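My questions will all concern the structure given below.
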């Protein structure tokens, strides 16, 4: 019965509800006459926080019986798939595609034994390995879910999810040097993402306008509806203001600004990825510095490009709270500094990122893996750079659970 389901999940329900969903649910329950106007206004008026409103709401709905509770469950499943996954709900009270996070026994039994990752030994990554990703053992998966079940992004069932990743790599340019070694990075990142369960789209040698077009098309892919996350990888020359397109020159800039990437994948423009982690990897310089044997992914900083105005920053800050969420960007260097690439071994940053993802995805969340990558750069040498995470709006830990 639906009322029994809500009783069992009451605590997690209260802890997990978001402001947008609680307001929509109140409207739905008013429209379907589960609540009258006075009851709805009382929930809003007498409770200051979302948790208090949720507690008052569920305690009002459960006594009204199974039909009222079923209306509540159906609304959540149809309007907030992330919350439904967190609660282990579906319209018929099954767990659906998401792994149930409500109680540890349900979670642990839902994990199948990890399946072998298929690799091609003839295709080495930039680190020189065979591209093997360590699988997450059943015991390790159980341990993580048991300890952090309410703080982890839910993952969809491996047999039915449709994870997508996009790689955009510019190697050839009209007016600036070729990025020798970029093919090594493409091969390594493609294998890594495939081994983590993503179907990978690779696009090469694009203008800023072409990159925008590809991003828009990617954001509208229907597969995102049945996916739990996405990765986007950009590898090109770069300057402080963004990523260089193939036609870039100091005289005629051809730049994809980082803000455009976030905007095209936010909740407004890509609702299918709402409440799902979106990881952006950027291998590009963000300033200028001389190099000798090693090449640097950098061109001269153009004075023709304007930075966002103060008004734009203020507007963006408001939007972030409502539209931009569940992002993390990992850049190969801090602002104004260079990123290094070897002509035969590929980029230093991409190589170390692949190594660390292969080694630690089985036991660490993405933010912790990125910290380990930064730690590997802690002692500077003649090719010093320091990767940095930016615009992090992940609200939960993103574990990849390779093999599951």
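Each residue, glycine too, has its Cβ placed from N, Cα and C.
Note that the structure is predicted; figures quoted are calculated from it, not measured.
Below are the features listed in Swiss-Prot for this protein:
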ACT_SITE  237  active site
ACT_SITE  285  active site
CROSSLNK  134  ubiquitin cross-link
DOMAIN    1-91  domain 'CARD'
MOD_RES   302  phosphoserine
So how many other Cβ atoms are close to residue 285 (active site), meaning within 10 Å of its Cβ?
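The answer is 29.
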Counting other CB atoms within 10 A of each CB, which of the recorded positions 134, 237 comes out lowest?
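Taking 134, 237 as the recorded positions, the minimal 10 Å Cβ count falls on 134.
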What is the pLDDT of the domain 'CARD' (1-91) when averaged and given as a whole number?
85
May I ask you to report the DSSP-based helix, strand or coil state of residue 285 (active site)?
coil
In angstrom units, rounded to an integer, how far apart are the Cα atoms of residue 237 (active site) and residue 285 (active site)?
6
Determine how many residues of the domain 'CARD' (1-91) DSSP places in helix, in strand and in coil.
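Within the domain 'CARD' (1-91) the tally stands at 72 helix, 0 strand, 19 coil.
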